[in-house]
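Remarks on the structure that follows.
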Amino acid sequence: MTRSHRADSIHYAERQQNVVTADGGHAHRHDDNGASQHHRHSHECGHAHEHVHSHAHEQQARHEHEHAGHGHADHDGCCSHEAAVLTPLPAASKRADGIETTIRIMQMDCPTEEALIRGKLDGMAAVTGLAFNLMQRTLTVVHAPGAEPAVLDAIRSLGFVPELPDPASRAQSIAEPARPWWPLALAALAAIVSEAATWFGVSPWLAGGFAGFALALSGIGTYRKGWIAVRNGNLNINALMSIAVTGAMALRQWPEAAMVMVLFALAERIEAMSLDRARNAIHALMQLAPEKATVQQSDGAWLSVEAKTVPIGARVRVAPGERVALDGEIVLGESSVNQAPITGESLPVDKGPGDAVFAGTINEAGSFEYRVTASADGTTLARIIHAVEQAQGNRAPTQRFVDRFARVYTPIVFACALLVAVVPPLVAGGMWREWIYRALVMLVIACPCALVISTPVAIVSGLAAAARRGILVKGGVYLEEGRKLAWLALDKTGTITTGAPAQTDFEPQPDVSAIDCRRIAAALAGRSDHPVSRAIAKAAAQASELEGGRATVSVDSFEALPGRGVAGSIESTRYWLGNARLARERGLLLTTVEARADELERLGRSVVLLMDEARVLALFAVADTVKQTSRAALAQLHALGIRTAMLTGDNAHTARAIAAEVGIDDVRGDQLPDDKLRAIESLSADGGAVGMVGDGINDAPALARARIGFAMGAMGSDAAIETADVALMDDDLRKIPAFVRLSRSTYAVLVQNIVFALAIKVIFLALTLMGLGTMWMAVFADAGASLIVVANGLRLLRR
C-alpha cells in the first residue's frame, strides 16, 4: 500500500543506459563516441522524469527529449523517516525455459500493485514465470529471449518505473529514497479547517475550498493509480478509495471526503515505516561484514581497501576487536573468534593456522592473517542473505490461501456495495442519499490489504529471526511446516555424536602382518570421507610414523559401497574394508570374528573389517562420543511432543548403546539408503510430518522423502545451504527445537492476524448496514487493522 515512487527511467541495453544517482537526479551514459558523456537532470528533492531519448549526434550533439510524462513521487521533498535499504539486484541469467530477469519496482510494496502487475504480464505469451518479493520490491520474470523491452513497457504502462540491475553497484545495497511529511501535514491541516468551517456553519465555499486543497495534496497519486487500475480491469484499494471519495464529493460531503483521503495517505505512510522494519531486518545481516579490509599489497605494505574489490588468494590482516570482512583460511596467528553472526552462538572459538574464518564474525583476542577463499558476494554470509531473500518468495500455504481468498473477496464486496446502493431505495423505498453513502463506506472497507499484508510480514520476520540464530530456512513453506513435525529422524555419526571418532582397537589375524594390514586399510580408508574411515586412516598414519614410515600403497578400481564400506585393488589383489554386513554378504564372517565384533559393538564401538577375497584379515574398532548438546536437544524435542528415531548404517548394537545414552525413541541400525527411505515412509504412515537430519550419500533418499530435510554444519558448505530445506550453520542439535518453537510462534501470529483482519471487516460491514458506520471510521478500521497486523508480525523479530 505504500507508494514510495522513484521514477527513474530505465532504458534497454541496446539503447543508452540511465544511471540513477544518489541525490535523486540521473545521469545518462551514451556509447556513441563519447558525445554527451554526462547529461544530468538535477531535479530538486528527488523528482524524476521518464524520458524517451532520441540522440542525433552529428558535429554537435542534439538531444531530443520526448517527455512521456512525469513520474513524480506522491509526495516530493527532501526529508522523511529513515528509509529502508534494499539489497542489490542479481544479473539476468539463462534458464532452460528462457531468461530470468529481476526488476526492481519502487512503487510496488503491497498486494495491490502485485495484482495489477500480475494481471498485465500474465497475458503476455513471452512471459512464462513471475515471482514477486514485496519486501524487496522486486519482480523476477522468466521470459523469452528479446522480450525484456516488452515486459518493461508493460510495467511502465501501469504507471510504474522498472529498474534493471546495475553491474557497477551489484555488491552494494540500495537506499530507498526518502519522502517528506510536509505535504501530508499541510493536507491534514486543510482537512481540519474544512471540517471546522462546516461545523461552525461558515460558508460552504470555504469548507469546499480547503477540502479541495487537501484532496489535491494527498489524493492526486491515489486518483492516478486508481484510474490505471480501473483501466486495466482491477478493483484495487486505489480504485475503491477514488470511487468512495468521488461519491462523497458528489453527496457534498467535502470535509469527510478530504479527511478520508488524508487518513488513507497517513495510514500508508505509517504502514511503510512498519514494513521498513521487516526489510531492514534482512539488511542488518548485510551490515555484519565490514566494507573495508586490510590487505597486503605486492610491495608488502598493508592498505585498507574496499572488501568487494579484494580478490581470492589475497592476504588480509585482522586486528583484535575487528570483524572479518571475507571468508578465508588463517595462515598466521591465533585468536578467539565469535561466530555468533553465522551460528547464533556467541561462545568464542579458538582459531589457528589452517582454520577457516567467515565474513561477519568477530575477532575477539589476538591478531591474525588469513588467505581469502571467497569474494565478497560469495561468502557464507552473502549466501545466507541470498537464501533468505529467495525464501521470501517461497510462499507458505497460509499465504497462498490468503492470496486466493483476497482475489474473490474484493469483487464480492464491491458487488454487495452496488446492491446496497440500489436495492433498498428501489424495493423498500429507502432514501437514495443514505444508502449510497452506506455503499461508499462498504467500498472503503472492501480492500483486503490488512488480510493480505498480514502473512508476508510474519513470514519475513520469522525468516530473519531464524537467520539471526544460525538457522537458515529456505522458505515460508518450511517455516510453517515445522510446527507439524511429529517425528525427527537423525543419523548418528556427526549428528548425535561428534563425528570425530578415534580408533580404539586393532586386531589382525595371528598369521597376518599388522603393518601390511594397516597400510592396506589406510589406503582404502583414505579414499573415503566417512568419519570412521578417517579415524582408521589417521591411526594407521600415526602407527606408520612409529614404525619407520613405510611407503604408502596406491589403490586401483576404488569403489564405494553405500551402507557397507569400500573396496579397491592393491598390487593386483582385491580388498574390502567394511562392516559385518559386508563380510556376511561375502560369506567371510566366521563365528569367532562375529562374536568378537558383537562384544565390541555392545560397548558402543563401530567395528570395521579388512578382507581379501578369501577371509577377514583384521578387525578395527572405532568409538565416537556423544555431543554435549545432543541430550538437551532430544529432551527439548520430547517436551515439544516430537518423537525421535535414529537411522544409522552402523551396527544395531552400537546404535542401541548410543540411543540409550541420549534417549532416542526408535533405533534402527544397519540401515542402507533404501532402508532409511523405507523408515521415513513408515514413520510418515500415521499422517504426521517427519523431518530428517543427515548428510552424505546414505541420507540423500531419506532427506528427499522427509517433509523437512535438515543439514547441520552448513557454515562454509555450499551444498548444504543450496540443497537443505533448513540448514543449521553449526552442529548444535538444539537449533532444531528452537526452529520448531519459532515455527509454532509464526503460525500463531499468522492465525491471529487473519482472524483479526477478518473480524474487523465483518464488524464494520455490520455497522455500515445498520447505518452506524462512517467513511472516516472505515478508513481508521482498515488502516488500523493493517498497522496492527504488521506490528504483530514484527514481534517475531524479538523471539
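Keep in mind that glycine also has a Cβ here, set from the backbone N, Cα and C atoms.
Between the listed ranges 248-267, 408-427, TrEMBL ties the annotation transmembrane segment to 408-427. Within the chain carrying the transmembrane segment (747-769), a Cβ under 8 angstroms from the stretch's Cβ atoms is held by residues 396, 398, 402, 413, 420, 438, 441-442, 445, 448, 450-451, 454-455, 458-459, 462, 480, 483, 777-778, 781-782, 784-785, 788-789, 792-793, 795-796, all 6 or more beyond its ends. Panel annotation: around the transmembrane segment (775-797), residues 1, 244, 248, 253, 256-257, 259-260, 263-264, 266-268, 270-271, 274-275, 277-278, 281, 437, 440-441, 444-445, 447, 449-450, 453-454, 457-458, 460-462, 464-465, 742, 745-746, 749, 752-753, 756-757, 760-761, 763-764, 767-768 of the same chain, lying at least six beyond its termini, place a Cβ under 8 Å from a Cβ of the stretch. Secondary structure of the domain 'HMA' (99-163), assigned with DSSP and counted as helix (H, G, I), strand (E, B) and coil, comes to 20 helix, 22 strand, 23 coil.
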